[in-house]
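Everything below concerns the one structure shown next.
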Amino acid sequence: MHVMNIGSVTWTLIILFQFLEEASSQNNSGASSQVRLVGGIDQYEGRVEVYYNGSWGTVCDDDWDDYDARVVCKMLGYSNGNASICNAFGCNMDLGIALDDVNCFGNETSIHICSHSEWYSHNCKHDEDAGVRCEGGLGSNFQSNICNGDPNCYDNCIITCPREGELGYRCTQPNDCVYDNAMCNSVGKCACGSGYYDSNGVNIAAGNCTTKVGLGSSCPQPDACNDINAMCNSGGKCVCGSGYYDSNGANISDGTCTAKVGLGSSCLQPDACNDTNAICNSDGNCVCGSGFYDSNGVNISDGTCSKDGLGSSCPQPDACNDTNAMCNSGGTCVCGSGYYESNGVNISNGTCTAKVGLGSGCPQPDACNDTNAICNSGGKCVCGSGYFDSNGVNISDGTCTAKVGLGSGCPQPDACNDTNAMCNSGGKCVCGSGYFDSNGVNISDGTCTA
């Protein structure tokens, strides 16, 4: 089997492997002594037998092709060769199967240095013995009578090739393939035709070409789905692959896998949007889902659904992932009016939480909903300096109101702005005991002086 594309590292390893194994084989008397052809009608053809570690063995025909045959024939003095498979030249049951999965490029000097499985490690029987037909040159090491007159030598061999035309085996003509719905593909192997898959494997000899199945159907093989954009999922069902949706429903048998669409496009199915964070809205258009915004605009086709946390830059007005956040004038996500950040001052893992009223616990300095309130040392929201609670002493429905001067009405005991004033029985702010109004008799611009 010839590998067309190969990386430089792999090539280096193969060259090194070839050099080492070729060097180790120099103890043999020459290239031709390492291989022989047996059972053909003339010196140009026969079953390939190779010499290794003191004994002869056959070669399995798995992946055996003309590149491999060319190397064998050149070893024997020919200029070229063609592969034969399926013990076309009989077999020798007394020999072991020495090589399997041979992979030559065609320019090697010996089959021993081609890539192959471990010596005498294989999954074959002798009805898979490989052969060649050589051309050009005189050749050597042909043995037509390896059985030495023993009439029972081939008794256990299938001399004909029953697998010619079966799936995975060589074909030269369109009608060479024996199975219905099979075809001779571009590399000269029988394979299931369009719309069919091999029910027992990927074009193996024991398989049968079976009609591929639709979406939602069971898929015993990876290639059993009839839609080229479908896949066989872990549950053994045909479903649309990544980037596709079923245009007729959720992977039902008459559906077709259609490419998912971008933001702003019409979406016939709930799963038709190609962005995992997008949804198909009530108008039938793909838009970014809750907590996401379109990074390139307002749900346009080349956009991507993104989200930014508190403290992050917000290129779009709707870029903040907290519904109570806003994009401020500096282009940063911050908590909106009436909310504070529960984990800090607008940091990325924070959450915008409703501010609390007077008398409530305040975990953050900015947690109080009244702009004139402060979070005191006891962790409670209270009115700040110069303000009093108009409804009581820092109760939840109160409002911080500016304290009043001397002579003004005082609805609360703490409503007077002078610390030496008091609210008298008539509901007026007056200087307390031991103090007088320096500017007059308790007028608004006065100050209580000792």
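Glycine too: its Cβ is placed from the backbone N, Cα and C atoms.
Feature annotations, reproduced from TrEMBL:
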SIGNAL    1-25  signal peptide
DOMAIN    35-135  domain 'SRCR'
DISULFID  C60-C124  disulfide bond
DISULFID  C73-C134  disulfide bond
DISULFID  C104-C114  disulfide bond
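Mean pLDDT of the predicted structure over the domain 'SRCR' (35-135): 86.
Same-chain residues at least 6 positions away in sequence with a Cβ under 8 Å from that of C134 (disulfide bond) are, in sequence order, L37, Y44, E45, A69, V72, C73, L76, Y78, N80, G81. Its own atom aside, the Cβ of C73 (disulfide bond) has 27 Cβ atoms within 10 angstroms in the protein chains shown. Its Cβ taken as reference, C114 (disulfide bond) is surrounded by 23 other Cβ atoms within 10 Å in the chains shown. Between the CA atoms of C104 (disulfide bond) and C60 (disulfide bond) there is a gap of 14 Å.
Cβ environment of C124 (disulfide bond): C60, D61, D62, I97, D100 lie under 8 Å away, each six or more residues apart in the same chain. Residue density at C104 (disulfide bond): 25 other Cβ atoms are found within 10 A of its Cβ, drawing on all protein chains shown.
Across the domain 'SRCR' (35-135), DSSP classifies residues as 16 helix, 36 strand, 49 coil.
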